[in-house]
Ligand SMILES: Nc1ncnc2c1ncn2[C@@H]1O[C@H](COP(=O)(O)OP(=O)(O)OP(=O)(O)O)[C@@H](O)[C@H]1O
Ligand SMILES: [Mg+2]
């Protein structure tokens with residue numbers, strides 16, 4: 001380090017190799033980490049992206065040739081893709097909004113001390129530990145009128161005219177996976193928001209209570225500002241996550257009926273593993289990646305401007 | 001402005017009793033300081049007055065009205081926390097005006113209230129900053145400002161200065177005193193710094209283990225401590241305490257260890273042979289050359305404080321502390337004679353701990 005600093009002053013009379021060694025020192029130190037990142041993360045990514053520009057069909061031994069932007073042109077005309085994109089927005093929007101709302105309520109409830117809170121906390125976080133495929137199957141059965149109770153309940157309280165399976169109703173099918181996803185994802189918000197809630201100093205609430213704030217005013221002027229950064233980051237993470245999260249849909253509806261529950265991620269899965277068209281699947285994945293990147297940049301930008309205003 | 005009456009107030013968390021019946025009356029405009037060792041229940045009592053803690057039994061009245069079941073916001077008191085508890089995402093001005101805004105006070109009124117408070121506390125140039133960008137002392141002043149803007153019935157302070165360095169603490173102590181003289185508001189102030197207690201208080205309430213030990217003016221507590229606890233707690237360096245036995249003969253004496261006999265001003269109102277504790281403040285212990293009348297003592301530690309000198313001497317098997325404003329009274333290893341002026345001696349019943357005479 002000291003040598004690197006002294007090297008900046010005046011003309012350096014040390015031999016060239018020595019200067020080269022000094023100049024490259026920091027790069028050499030970080031090289032192992034960089035090499036690891038490149039091989040583990042960037043190489044597969046690059047290969048995956050390259051598929052998008054190649055004709056890659058698993059069962060066709062002559063495929064693999066470069067085809068330029070053909071896949072993307074096909075995507076632009078692909079009705080299913082556009083439907084899936086629209087479905088993705090619904091799926092992600094409702095799932096995140098409901099998970100967040102219930103997660104926040106749960107976190108607020110668990111933040112107050114009560115008898116048996118430890119047990120309640122453990123139980124509330126349980127869904128998170130259930131494998132997504134299992135919870136998908138579980139909910140699919142629950143929605144199934146032959147084995148599950150939910151259609152009968154809905155019929156019983158008069159929400160449905162007959163105890164049918166909502167998963168096979170084109171207008172309602174999306175709600176099946178969304179409900180399963182909400183159930184499964186509430187703990188994520190509850191855990192992170194609870195952690196943030198518990199880091200708020202109690203005496204702020206006490207000071208506000210003395211200042212005359214009602215519980216709701218305390219929530220607005222203390223809890224919310226404290227939670228805001230956590231909310232921003234978790235909602236962003238969760239949005240990207242859920243937009244990419246096809247497990248429940250694949251298990252519960254497999255995109256049907258009539259692609260009504262097909263989201264982009266499940267469409268990619270279908271293209272790759274049912275049609276075995278890896279090239280096309282890759283191209284769709286790239287579009288999704290770009291869209292999500294634009295979304296995250298937007299959020300980051302929004303956050304920066306909000307923070308600057310503070 | 002209001003008086004505060006506390007009647008037989010108790011507090012228990014489950015089966016743990018924290019306060020065992022506190023009775024206290026605070027007059028309108030009075031500045032009362034609660035002192036006591038850590039964990040004795042000072043904050044608990046203060047928080048019960050504020051309404052942040054339930055009252056297990058007993059009664060608290062503010063301005064004659066029972067407030068036991070009133071929410072903090074309806075008690076019309078202001079509190080300054082040790083941690084200041086400033087709202088971090090609000091500016092200084094917003095912090096100070098928050099309570100007024102919640103009360104839907106008119107804009108002009110708020111503006112004049114906070115600019116008045118800011119001027120009093122020299123916060124005017126800081127009004128647009130956030131607490132994060134303030135020094136400890138400035139934050140403390142904002143916390144004070146937040147309390148004074150709405151002219152509450154009473155101020156409660158929970159160790160408001162303990163996070164400041166000694167110099168700033170001294171300064172703020174003066175500010176608080178001035179503020180109280182200006183506003184004349186009823187104030188309860190919790191501290192375990194006895195200089196703060198002595199300088200600020202109209203009356204001091206000394207607490208220990210959930211009980212009030214003594215209530216009185218600062219000098220009262222200092223000059224006539226009601227029991228061993230108050231005697232030992234007030235004053236630094238702490239009072240010398242020696243256990244002995246009362247002898248009624250010769251006009252009243254106390255016999256200490258190793259046959260040392262200390263004469264008293266007169267007979268004490270207690271029976272001959274009572275075990276008692278003799279207390280004398282270090283600054284009242286006279287240290288002189290040997291040969292003079294007194295008790296032989298060997299100096300084993302000399303602590304110069306700049307302001308004076310603390311001498312530790314061993315005599316009759318005990319450690320005798322003496323405080324002298326003079327320097328160079330003695331050095332380590334000197335043999336001196338110490339004596340206890342009769343009018344400065346405090347006597348306590350060793351068994352009950354309470355003052356005799
Ligand atoms: N929620 C609680 N549950 C059980 N015990 C408590 C609780 N809060 C406080 N205590 C106990 O009550 C006692 C008094 O606490 P308090 O905070 O009033 O002390 P304090 O006199 O203010 O001390 P310090 O000078 O350290 O602030 C302590 O022994 C404390 O452990
Ligand atoms: Mg305390």
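Start at 1 and count along the chain as shown; that gives each residue its number.
Any Cβ shown, glycine's included, is placed from N, Cα and C.
Now, the feature entries from TrEMBL:
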TRANSMEM  A:27-53  transmembrane segment
DOMAIN    A:85-299  domain 'ABC transmembrane type-1'
TRANSMEM  A:89-110  transmembrane segment
TRANSMEM  A:122-141  transmembrane segment
TRANSMEM  A:174-197  transmembrane segment
TRANSMEM  A:224-243  transmembrane segment
TRANSMEM  A:278-302  transmembrane segment
Proximity of the transmembrane segment (A:174-197) to the transmembrane segment (A:278-302), 3+ C-beta pairs under 8 angstroms: no
Contact between the transmembrane segment (A:89-110) and the transmembrane segment (A:278-302) (at least 3 Cβ pairs under 8 Å, separation 6+): no
The transmembrane segment (A:27-53) versus listed stretches A:122-141, A:224-243, A:278-302: most Cβ pairs under 8 Å: A:278-302
Sequence-remote partners of the transmembrane segment (A:224-243) [C-beta within less than 8 Å, at least six residues beyond its ends]: 88, 91-92, 95-96, 99-100, 181, 185, 188-189, 192-193, 195-197, 199-200, 263-265, 288, 292, 295-296, 299, 303
Chain residues in Cβ proximity to the transmembrane segment (A:278-302) (below 8 Å; excluding those fewer than six residues from its ends, i.e. six or more beyond): 48-49, 51-58, 63, 67, 71-72, 74-75, 81, 232, 236, 239-240, 243-244, 264-265, 267-269, 271-272
